[in-house]
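Q: Got a structure here, written out as structure tokens. Questions coming.
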Amino acid sequence: MFLKRLDVIGFKSFAERISVDFVKGVTAVVGPNGSGKSNITDAIRWVLGEQSARSLRGGKMEDIIFAGSDSRKRLNLAEVTLTLDNDDHFLPIDFHEVSVTRRVYRSGESEFLINNQPCRLKDIIDLFMDSGLGKEAFSIISQGKVEEILSSKAEDRRSIFEEAAGVLKYKTRKKKAENKLFETQDNLNRVEDILHELEGQVEPLKIQASIAKDYLEKKKELEHVEIALTAYDIEELHGKWSTLKEKVQMAKEEELAESSAISAKEAKIEDTRDKIQALDESVDELQQVLLVTSEELEKLEGRKEVLKERKKNAVQNQEQLEEAIVQFQQKETVLKEELSKQEAVFETLQAEVKQLRAQVKEKQQALSLHNENVEEKIEQLKSDYFELLNSQASIRNELQLLDDQMSQSAVTLQRLADNNEKHLQERHDISARKAACETEFARIEQEIHSQVGAYRDMQTKYEQKKRQYEKNESALYQAYQYVQQARSKKDMLETMQGDFSGFYQGVKEVLKAKERLGGIRGAVLELISTEQKYETAIEIALGASAQHVVTDDEQSARKAIQYLKQNSFGRATFLPLSVIRDRQLQSRDAETAARHSSFLGVASELVTFDPAYRSVIQNLLGTVLITEDLKGANELAKLLGHRYRIVTLEGDVVNPGGSMTGGAVKKKNNSLLGRSRELEDVTKRLAEMEEKTALLEQEVKTLKHSIQDMEKKLADLRETGEGLRLKQQDVKGQLYELQVAEKNINTHLELYDQEKSALSESDEERKVRKRKLEEELSAVSEKMKQLEEDIDRLTKQKQTQSSTKESLSNELTELKIAAAKKEQACKGEEDNLARLKKELTETELALKEAKEDLSFLTSEMSSSTSGEEKLEEAAKHKLNDKTKTIELIALRRDQRIKLQHGLDTYERELKEMKRLYKQKTTLLKDEEVKLGRMEVELDNLLQYLREEYSLSFEGAKEKYQLETDPEEARKRVKLIKLAIEELGTVNLGSIDEFERVNERYKFLSEQKEDLTEAKNTLFQVIEEMDEEMTKRFNDTFVQIRSHFDQVFRSLFGGGRAELRLTDPNDLLHSGVEIIAQPPGKKLQNLNLLSGGERALTAIALLFSILKVRPVPFCVLDEVEAALDEANVFRFAQYLKKYSSDTQFIVITHRKGTMEEADVLYGVTMQESGVSKVISVKLEETKEFVQ
């Protein structure tokens, strides 16, 4: 392959399109300074992929576009096309001619083409990689590059040798692999972060989903058992309710009948009482009749005696009466005449008295001034006298009233005394009955006290047993709960182990089909075990390889892989025992690690496994070290040169090379590695708990039977006690009634004492009052007598007034005397008139009585015999009536006694009926309350079915049948509710959420496995490339070093030169030092040589590289500028010598170089800022040289 042509337009100073055709051999490009000849080199470098504007002697990529001149506008495009002959297929492309084009626009856009086909810059770089023709290759040495090679650091100088060794593609691939590794690690980190986050979700969600499923199962079971039990309870309760309702209905009917009987009895008692009252009233009436009859009989007897006496004096009385009648008639006539006369005289006297009174009034007015005081006193005394006179009359009337009241009080006292005697007898009877009741009550009370003591003792024992039972039952339910939890955990672990939960999908499917596939030993983590404290470290050390599947051989692995592909089950990594070889620490490193205090052991030594799997375990864990902590891991890694992977107990990792991985490790409830151990522990604990639970069940059963026996005994004691209490209540009721009756009688007796006392006190007060009134009457009489004397005294005093009044007084006196006389006469006449009238009236009355007596006497005398007989007959009749009345009273009293006995019987019967009625009513109320509670309970149960399960009783009974004993069912319901309560808050959405998150977790786990495998593969690739680069670099370096000394001697005409590695132990990073000893000088570093010597040494290095690694073409830009003529000549000869194998394009202005050139191109700048290329013939070149 060789360079055929370069086409340029718009690149730097090439404003117009130029084409440079290259031939084999040496092509020289010449021109004055500043003409733009080095732009040819820049154009080639740029089209081969250079991206640094500074390497192209610009500030930014826009600077390579023609910027214009005084006469030309700037261009907006720079384009370079490089055409190469590829007949020998030096370039890895199936074309005989390859053209590479690169364009850049002022807008910043770029275009890349290979054979006019758009491509990427990366494609161009890859095309020339490790061909020696790249942008950084030793085949293109621009201005200053020689000096840069000589003066650069030994490490930077290494790139020339790497290019020569052809390791750039490996280096690039390594870089890509490292980038891919970093990208993979980033992806792995992201996946692990997401997995870490998902692990924080998956495990809780898994637990929540398991709890939710458990909850739904328990809820379903609870629903079935509870509905069936509720339906059973409803049916049982309804049967009891129906029976009780019939009983209550019968009791109501009995109550109604007894109520009617009580009403009838009360009516009979009321009727009897009415009859007794009627008899009492009848006796009272008969006694009144008896009294009247007795009185009439006594009158008749008296009249009989009077008749006998009158009969004796009848004649004598008749004569006397006749004489008296005559006298009375005569007297009547005389009195009538006198009365007529006297009335006329009285009228005359009245007129005179009236006249005298008028005169007296006149005189009194005249005398009033003289005797006013005396008159007033007299008048006052008269007023007092009249008041005393009124008081005297009032006192006499009150004395009469007191006499009447004292008579009435005596009658009342006698009646009260009779009643009191009766009440005393009744109280005596009641006291006897009361004493008997009290004795009976005390006996029952003692018996009740004994029963209560026995009941309390039994109750205490019962409560102790009940507390012990409840305690044991609570412990049993707790044990059930623990057993249930342990069994659930065991089932979960067995299910997870059976389902290979937590394994990658591909691994899981292989393990499930392990028997069918054959040759499958199991996943790595299934084949090992370790102590719990090492589990985290071992899991981290294994990483994804923990789920690698161990097979007998490669054929088994291929069969499993084919199975995964056919069923699209994912991927898995297999470890055939037939090919896996163990790895282990070097003995020296093992000894070094053992001496470190933090070192715990090699991972393979900390796990237990079958010796058959030693190669696999040693391969995976034989070079992994386990330490206490990260600090110790760092120290140990440094001691071992960061060649091994070190894991701490907390899961932190120090990787080979020094990188570190660490942070928080999520604590899993059951890791894959520790699952078997945990299952074994749970199984052991479950067996122990089940044994303890069985013992508790037996204890609870025994206690329950004991409690039931005690409950029966307590019920018997309660029943006996209730019977005694009812009997006691009955006696207490009787005692209460007797106490009430006794209290009533005592009240009557107290009332009698009070009434008697009150009456006695009233009589005594009346007597006192009477004596006082008599004394007052005597005092009033004395006062009246005194007042009369005072009036007489004052009257006499008034008569002894002074002489000035005497005349008037005499006149007045005379007038008064005359008036008094007239008045006295008038009074006398009036009295006479009244006397005559009275006497006339009395005479008329006496005359009438005398006539009547005479008529009666005459009648009696004429019928004395018949009258006496009539009276005798009347007396007999009255006596007969009296006898009948007495007999009738006795009969009524006998009837009353009989009725009273009947009433007492009725009342006792009524009392017993009421007592029994009250008991039945109380029982009926209790039964009704119980019935009401049953109805409420039935309604609650039916409502519970409707509201909780939307079921009717018929639907529940039809769909759900009670399959066990009701008590067992209740126990089961309680256990299920306890289990549900123990589950706490249940997230039912966790089931779907777990499926979603777990699916993603599985997918990402597979991604992690793939990324881990890719990471391991990349590590392996990098390791392989490191080995290849080390080998290639070392081989190439040795060859170049050998040729360098030879070429140096040839160019310098002697001396010697040497290439040295700065770090022979690190061929991947070691720098290269150039040591030169020109002829006649000491061996010394390049920095101590002259400029020419340095340039010639660099040229010697270039030719040494070309000897080892020939390239199709080489571009040299004034590399010999610093050489003298002799060295330029030697340089030109070497160019010519090597031009048979390598095409040289030389940018130069040295004659010796030009002389050896096959073709010359000249670059001129005829127009300011614009370069042009012209071809120069060889003859013209020679002339130009001469």
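Yeah, the Cβs are placed from backbone N, Cα and C, and that goes for glycine too.
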Q: To which of the residue ranges 30-69, 70-109, 990-1029 does Swiss-Prot assign the term coiled coil?
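A: From Swiss-Prot, the annotated coiled coil range turns out to be 990-1029.
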Q: On the 0 to 100 scale, where does the mean pLDDT of the domain 'SMC hinge' (519-637) fall?
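A: On average, pLDDT over the domain 'SMC hinge' (519-637) sits at 88.
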Q: Starting from the Cβ centroid of P32, N33, G34, S35, G36, K37, S38, N39, which together make up the recorded ATP site, report each further residue of the same chain whose Cβ lies within 8 Å of that point, ordered by sequence.
A: S13, G31, V1163, M1165, S1171
Q: List the same-chain residues at least 6 positions away in sequence whose Cβ sits under 8 Å from the Cβ of N33 (ATP binding site), in sequence order, or say none.
A: H1149
Q: Tally of helix, strand and coil residues over the domain 'SMC hinge' (519-637) according to DSSP?
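A: Secondary-structure composition of the domain 'SMC hinge' (519-637): 64 helix, 24 strand, 31 coil.
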Q: Taking each of the binding-site residues P32, G36 in turn and counting other Cβ atoms within 10 Å of its Cβ, which one has the fewest?
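A: Minimum Cβ neighbour count within 10 Å, taken over the binding-site residues P32, G36, occurs at P32.
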Q: Counting only residues 6+ away in sequence within the same chain, which have a CB under 8 Å from the CB of K37 (ATP binding site)?
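A: The list for K37 (ATP binding site) reads V29, V30, G31, I1147, V1163, S1171, given in order along the sequence.
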